[in-house]
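A.B. asks: Relevant sequence annotations retrieved from TrEMBL are reproduced here:
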type	residues	note
BINDING	B:119, B:123, B:317	Fe cation binding site
BINDING	B:141, B:142, B:143, B:144, B:145, B:174, B:187, B:191, B:289	substrate binding site
DOMAIN	B:31-324	domain 'Gcp-like'
REGION	B:344-365	region 'Disordered'
C-alpha cells in the first residue's frame, strides 16, 4: 500500500453535495455546493471536478469515505449507493462514516454527539471506548449531563474529517462491512388496518 | 456494427433487486449469461403491500451484492463488459435512485458507458430477448403496477392502444388476497385457490366492456368482491374455504374475460398494420396466471397471431430485460451521462394522452 493513500470523502446527507480529497496527511481539494434537490444528478460530475482539482482520476484512489448520515434518507442513499458502485468497480474499500462520529473527532471520549433529527427530535450517540447505539430522542437537555458534548457541525463541512477517519481505518487493514445508511429512525410503515376475515372450514 | 455486446443490467424499481448479464452478437440469439433476482416479499409481508421506504432500504444494501453474484455467475469481470444498463424509471423513486447511483458508481469506476432504460421498455422488448420477435408486434403489459396494450414498432417506438384507467390487475389480485386472508403476493395464492372454485358462482362486473376501445378498469371489480365477501361474513360470521375458492375463481374469471375481450380489440387494430409474422406477446407478473394466459392464447389464435409468453422468470421483474433494453439502446447509439435522472414517472408512449396522473409529476401512464 502507498504510504500516502489517496482518499475521496463525500456526503449528501442534507441539502448539499460536499467532498474532500486527502493525500497522506493533507487535504488537497475540498468543495461544497448547497442544493435543495438534484444531488443525484450533480454528485458524480461534482466528484469528478473535485478529483480533477486534486489532479487525480478515479483509478488513482486507494479508498473512499462516505457520509452515512443520519440525515435525509434519500440523500444518504444517493451517496452510499454511489460509493458502493465505485468501490466495487475500483476494487478499493469504501468506509461509511456517520455525522455523529465525524463531528466528535478529536473530542475527548467518552462524549455525547447530537444531530438534529427535525420535528423537534435529535439523533444521539455516546461515543467512547465502545460506542453506544445511535438513538432518536425528543429531549436532549437532561441527556447524559455528565458527558462533554461534541460541537454540532454541518455535515457539509465534515468531509475532510471523514477522509481522515477512513485513512485511519484503512491503515488498520481490517476487513470492514460495506457502508450502509444510518437511518436510526424506523421506516414509516403501518400494518393494514382492516383485519383479515376469519376462515371457516 | 456486428460487434458482440455484453451488458450488465440493474433493476430496483419495485420490490425485486436484480442484476443480470446479457450477451448478444448481431444476427444471433441473445444469451442470458446470468440473471439474479433477490425478492423482498418477506420484508413487506406484514404491511399488505410494498412499502416504498422499506423497498428503498433493501435495494441500497442488496443491489451491489446481486451485481457481484451476476458477474461471478457469468464468469466475467466489469472490464469485460461493454456497458452498464439501469432502470431509470418509472417506479418507486427511492429504489430507482439506489439503482441509478450504483450504476453511475460502477460506470465511472470501470470507465464504461451508462444507459438508462425505461422499465416498461424492458418488459416490452422481452419478446425480442426470448424469441427474437420482429417489429411490429402487439404487447400486453400486465403487472402489479401497469396494464397497457402497446404496439411495439421499434426499440424506442411504442404506441399505446389503451390501458387501465385506475388499478392494475396485479394490484387487484393482491387486494383480493388481502380481503380473503390469503398470503401475498396475491397472484399465485388467488390462482391456487381459484383451482378449487366455481368461476360462475358470483356475478362480478366486467367493467368497460360496453365501451369501445382498449381501456380497462379494475377498481370496481375489487369493490364488488368486497361486497360479496361482506355478505358471506355477515351470514356465516366468517368465510368458508369453499366460498373463498369460489370468490377467487369468479374474480379471476372476470379479470381474464376483460383482458381477453380487450385483447381482441387490440389485435383487430394491430392486424390493420398487416404484419408479416403477427405476434401477440405478454409480459408482467400477471401474465404468469395460467387461466389468463390460456384465454389470451385463444384470442391470439382467432387472429392467426403467434402468442408469446416469456418464461415466468422473465415475465416478472428481472434485470436481464434491462440489460437487453440496454443492448438495444446501445445499438441505436444512445448513451447517458453522469447526470442521468431517476424518474418516478416515464410513460413509454410520450405522444399519447395521459390516462393516469398529471400535474407537476407528469403522466404515470
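Glycine is treated like the rest: Cβ placed from N, Cα and C.
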A.B. asks: Quick one: pull the CA-CA distance for residue B:123 (Fe cation binding site) versus residue B:145 (substrate binding site), whole Å only.
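C.D. replies: Per the Cα atoms, residue B:123 (Fe cation binding site) and residue B:145 (substrate binding site) stand 12 Å apart.
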A.B. asks: Going along the chain, which residues six or more apart from residue B:141 (substrate binding site) have their CB under 8 A from its CB?
C.D. replies: B:120, B:123, B:124, B:147, B:148, B:149, B:150, B:282, B:283, B:284
A.B. asks: Give the maximum pairwise CA distance in Å, whole number, for the residues B:141, B:142, B:143, B:144, B:145, B:174, B:187, B:191, B:289 listed as binding substrate.
C.D. replies: 19
A.B. asks: Compute the average pLDDT of the predicted model within the domain 'Gcp-like' (B:31-324).
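C.D. replies: Mean model confidence (pLDDT) across the domain 'Gcp-like' (B:31-324) is 95.
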A.B. asks: Should any of the binding-site residues B:143, B:145, B:187, B:289 have a Cα within 10 Å of the Cα of residue B:317 (Fe cation binding site), which are they?
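C.D. replies: Near residue B:317 (Fe cation binding site) by Cα: B:143.
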A.B. asks: Looking only at C-alpha atoms, tell me how far residue B:289 (substrate binding site) is from residue B:119 (Fe cation binding site), rounded to the nearest Å.
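C.D. replies: If we compare the Cα positions of residue B:289 (substrate binding site) and residue B:119 (Fe cation binding site), the gap is 21 Å.
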A.B. asks: Could you give the Cα-Cα distance between residue B:119 (Fe cation binding site) and residue B:143 (substrate binding site), in whole Å?
C.D. replies: 12
A.B. asks: Of all the binding-site residues given, B:145, B:187, which residue's CB has the most CB neighbours within 10 A?
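C.D. replies: Top count of Cβ atoms within 10 Å goes to B:187.
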A.B. asks: Within 10 angstroms of the C-beta of residue B:289 (substrate binding site), what count of other C-beta atoms is obtained when all protein chains are considered?
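C.D. replies: Its Cβ shell of radius 10 Å holds 26 other Cβ atoms.
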A.B. asks: List nothing but the one residue from B:123, B:317 whose Cβ has the fewest other Cβ atoms within 10 Å; the candidates are the binding-site residues.
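C.D. replies: Checked B:123, B:317; of these binding-site residues, fewest Cβ neighbours within 10 Å: B:317.
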A.B. asks: Long-range neighbours only, meaning 6 or more apart in sequence with Cβ under 8 Å: which ones does residue B:143 (substrate binding site) have?
C.D. replies: B:123, B:168, B:169, B:170, B:283, B:284, B:285, B:286, B:316, B:317
A.B. asks: Test of understanding: give the count of other CB atoms lying within 10 angstroms of the CB of residue B:119 (Fe cation binding site).
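C.D. replies: There are 27 of them.
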A.B. asks: Residues other than B:119, B:123, B:317 within 8 Å, Cβ to Cβ centroid, of the Fe cation site?
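C.D. replies: Leaving out the recorded residues gives B:11, B:13, B:14, B:87, B:120, B:122, B:143, B:283, B:284, B:318, B:321, B:322.
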